[in-house]
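To start, the structure itself, in structure tokens.
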Amino acid sequence: MFAAPAAEGQRPQYRIDATYVPQKDEVKAHMELILPAQGTRAQTEAFFHLYPNVFRDWKYGREAKPQKPGYIDISNVRVDGKPVKEKISGIIMRIPLPTPLTKGKSARIEMDFLLNLPRGGTRLNTFKQTAFLAQWYPMLSVRDQDGWHTEPYTTVGDPFYTQMSDFEVTFRLPQGYQVISTGNNADGRVRSPITVKQERVRDFAAVLTKDYRVTRGKMGNIQVNLWYLKGMENVVKPLHEAAVSGMKFYGERFGPYPYDEVDIVLGETGFGIAGMEYPGLVTSIPTVPAESGQVPAVNVVVHELAHQWWYGVVGNNQVKEPWLDEGLTTFSEFLYMQKKMKEDERGLLKKAAKRTDEIHRVVGVTSVERLYDYPDAVYGMMVYIRPAAMMFQLMDEIGEKKVMDILHTYYERYRFKVATTRDFIRVANEVAGKDLTPFFDEWLYFKHK
Ligand SMILES: [Zn+2]
């Protein structure tokens, strides 16, 4: 169990004022963070992740190396108005708090940052007249009962762990640029400056663009926007329909989506990234290969949308237990594809169960490991596919309705919180009315009877 990082009403509050200069691939910004005390012990420091700095001096695989490096520089750090000296080591920044922060109090941390966007970066990227701003500002690291989470970057999975926060972001843009973001922009007016707010989200992503066009629609009260580039016209209708129907499908089964809008942005966002989830915004490639040739990427779109439930609303430590959001999301995706697209992958999942048994024997990893412990080649099978197969097997054993009840209860109980594998198993046992621990032990931890 994790101690709640901050009680309701005491979320960190970010205020960012950002000016985009496309000619220089730069975003110049001022950031203010109201930081409520976290935990019960007095707090004398705060840590931030500076993810753009992984693109400064790329240490990972050559295939994902950006064509042009990027970075984030920090200056003028102040705490409650007093200048302090930050310490940066790689992607981690430590800021000292001159007055120890005690329970119920908060500190105001301010800084300027200069973001230089990489070209061909993974997630954080710029091309033509579009900038993808992902993990683009100094992101407060999580402090919980295990202490500060200052985990390093990796190219395997999504190495990000952040907490529910409130955002108010002002963008100053050259003429003709618009903002697609975690916040709402339902009126669709193109203007600058534009201020976008969103409360209770783990992250704030934005796409600044002069090139994207949009198709808008509604699922109940939720605005569902599909953004695409010239040349993608033939997938707009099927993918927008899939997005609307996917939001409905998941909302009915797992519980209501708590925000007013979701944006789906089509296009490549870096090597090896078919799609990516952010609160209120997902990216997806437009098409995927099939036997009949390239087809609209319905599976990718509904996968990323399912993450709004698993990771977006119900959080988990994606570094420590990546299966918890990826496994449930892959299951959600396969369930949608089976029910709505008549694509039954049960045969593939049965094979995957056998294959992962072999992987476990040879490589030694289970489905519940940290990102760093997986070789790239087995990550998808262990973290996405096997847990999805497990959920289908569970449907066979206790029935589809019970499994939906488990997911619904889990969603309701851990909405806006952080859940763990143990929490998930506890809910499953409770809702099923029997001890499923041996079932999960076998599927997740390979403990065979
Ligand atoms: Zn995923």
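For all residues, glycine too, the Cβ spot is worked out from N, Cα and C.
Per TrEMBL, Zn(2+) is bound by H303, H307; the candidate from E268, E326, E343 named for the same site is E326.
Residues H303, H307, E326 make up the record's Zn(2+) site, and a Cβ search at 8 Å around their centroid adds E277, E304, A306, W310, Y311, D325, T329, T330, S332, E333, Y384 from the same chain.
The Cβ of H307 (Zn(2+) binding site) has E277, V282, D325, T329 as same-chain neighbours under 8 Å, each 6 or more residues away in sequence. Only E326 of the recorded positions listed as E304, E326, Y384 bring a Cβ under 6 Å of any atom of ligand 1; the order follows the sequence. A distance of 10 Å separates the Cα atom of E304 (active site, proton acceptor) from that of E326 (Zn(2+) binding site).
For the pair E326 (Zn(2+) binding site) and Y384 (active site, proton donor), the Cα-Cα distance reads 5 Å. Within the same chain, residues at least six positions away from Y384 (active site, proton donor) with a Cβ under 8 Å of its Cβ are W323, E326, G327, T329, T330.
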